[in-house]
Amino acid sequence: MVKMLGGNVMWFRHGLRLHDNPALRHALQDRRTPFFPVFVFDGETAGTKVVGYNRMRYLLEALEDLDTQFRQYGGRLHMIKGKPDDVFRRLWEEFGITKLCYEQDCEPIWRERDESVRATCRQIGVECHQFVSHTLWDPDTVIRVNGGIPPLTYQMFLHTVAIIGDPPRPVDDVDLKVTNFGVLPDCFYKEFVVFEKTPKPEDLGVYLENEDIRMIRWVGGERAALAQMQQRLAVEHETFRKGSYLPTHGNPDLLGPPISLSPALRFGCLSVRKFYWSLQDLFQSVHQGEMSSQFISGQLIWREYFYTMSVNNPRYAQMEGNPICLDIPWREPHGDELQRWEEGRTGFPFVDAAMRQLRTEGWLHHALRNTVASFLTRGTLWLSWEHGLRHFLKYLLDADWSVCAGNWMWVSSSAFEALLDSSECACPVRLGQRLEPSGQYVRRYVPELTNIPDKYIYEPWKAPIEVQQRAGCIIGRDYPPPMLDHLEAAGRNQSAMQELRRILDKAQPHCCPSSEEEIRQFMWLQDVPQFDVSA
């Protein structure tokens, strides 16, 4: 028999914040009824299906931050292990809940989960309310305005959202002072795993793979994200004041503390609308005028573009059956070559440093992501981007399904790229020398090479044996030799791409960039051909 006490549920998935949360505001409209903020560990939500230690820890820190904020007002975040359908049905049976609110997860991988919950709610008479706030624009609206199909180029996307108009401003923050927080009955603790306090990764079967040595410590949670945003805005203010808009593009800082907010945006600890409008308003205050958002909010717009491209494409993160992805005949991995790439044992210091940083810290600068992705795919190893996507989704803090897959398709020339345009490959030697000539980045993450002289730090196999001996690093014993000849592989791969391009010249339309400049900015390339480096 249903106990008609009533109640509203806020179902947190992404959107792990209190600020700019229209779903939360709607759930709190009636302050008299019990309010249940809930996060359900179902083994998939918030990217927990394949997840490494850093990603899980970041998520749990975000949940801990929410729980702490709710507890300040006499409530708590109910963290429950189970199936969302079962949890909400039981809340209805115990309390007669009438309303379930949540932020839109627009990617198609969440569709089955959400449709199942909506079907359960229809069956028991609970209203479902979904709100768009994880993206600047509703992807469904973008597709409708573009004639029912997603825009095939970034410029088409910009044109479409210009027709729609500016994204909404953030909604007002909620006031939790007079909230009537609901309390779970004892039966819940018997039927589900209900965490009295935020679990640790180990409680969920996720363990640290290597020694926990991190130069950079990412902290999850809304309050940390808002503080990081203020620090980022201070950097942007100085940049705007000097008349610049892409402060790290020509000369990225690979050694300093990162100022990226992408992990906070990925888990929704920071509202993308809040960050977008904070940037726009800051620019206005400095220059008293408007500027195209593609300059000061470019990466945010790319994020929107990739989300929109994935919405109606459940095969977006794979080659087979993916209508926007070219079917490039990649090689199958031989021996342990894929494992060597994953573990940072390729023999190319710039690649290895990046792959080790990824595993220990969960982070890579955008230029480094492109470097290791190009190396795995069209640049050197000629292995499918799907291998790289799986690895990034497990270890990269800010990797989400659509944006990460979109980046991998772009860098591998599979989509979002001029048709098989492989004229430039990111050479792991030349690019390292240009982006970080001191070699300190390599020495930080590949300590075997600490004493290798600068002259040889990016190609230590060229160091004379007496230099290797003095450095205490013998190539082939203390650090592996290159797993293959990059120049030879790059040339071979370029020829393969050109032949494929000849065959596919009349291929079906696929996603591609709007200009050569767009490609160069995305790949962090300058005018020097990246594969042309002396042997």
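Heads up, the Cβ atoms here are built off N, Cα and C, so glycines get one too.
Unlike curated entries, TrEMBL annotations are predicted automatically.
Owing to the predicted nature of the structure, the values given are computational and were not obtained by experimental measurement.
Taken from TrEMBL, the feature domain 'Photolyase/cryptochrome alpha/beta' applies to 6-136. Residues annotated as FAD binding site in TrEMBL: Y245, Q299, L300, I301, W302, R303, E304, Y305, F306, D398, A399, D400. Feature annotation from TrEMBL assigns site 'Electron transfer via tryptophanyl radical' to W330, W385, W408.
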Please identify which of W302, W330, W385 has the densest Cβ environment, defined as other Cβ atoms within 10 Å, among these recorded positions. W385
Would you mind listing, in sequence order, the residues at least six apart from E304 (FAD binding site) in the same chain with a Cβ closer than 8 Å to its Cβ? T135, L136, W137, P139, V142, F157, V161
Across the domain 'Photolyase/cryptochrome alpha/beta' (6-136) the predicted model averages a pLDDT of 96
Among W330, W385, W408, i.e. the recorded sites, the one with its Cα nearest that of W302 (FAD binding site) is W408
Starting from the Cβ of A399 (FAD binding site), draw a 10 Å sphere and report how many other Cβ atoms land inside it. 23
Can you tell which of F306, W408 has the most other C-beta atoms within 10 Å, given these are the recorded positions? W408
Have a look at the recorded sites W330, W385, W408 and say which one has the shortest Cα distance to L300 (FAD binding site). W408
Across the domain 'Photolyase/cryptochrome alpha/beta' (6-136), DSSP labelling yields 57 helix, 26 strand, 48 coil
Determine, using Cα-Cα distances only, which of these recorded sites is closest to A399 (FAD binding site): W330, W385, W408. W408
Closest of the recorded positions to W385 (site 'Electron transfer via tryptophanyl radical'), Cα to Cα, picking from F306, W330, W408? W408
Give me the Cα-Cα distance between W408 (site 'Electron transfer via tryptophanyl radical') and F306 (FAD binding site), rounded to a whole Å. 11
Give me the Cα-Cα distance between W330 (site 'Electron transfer via tryptophanyl radical') and F306 (FAD binding site), rounded to a whole Å. 23
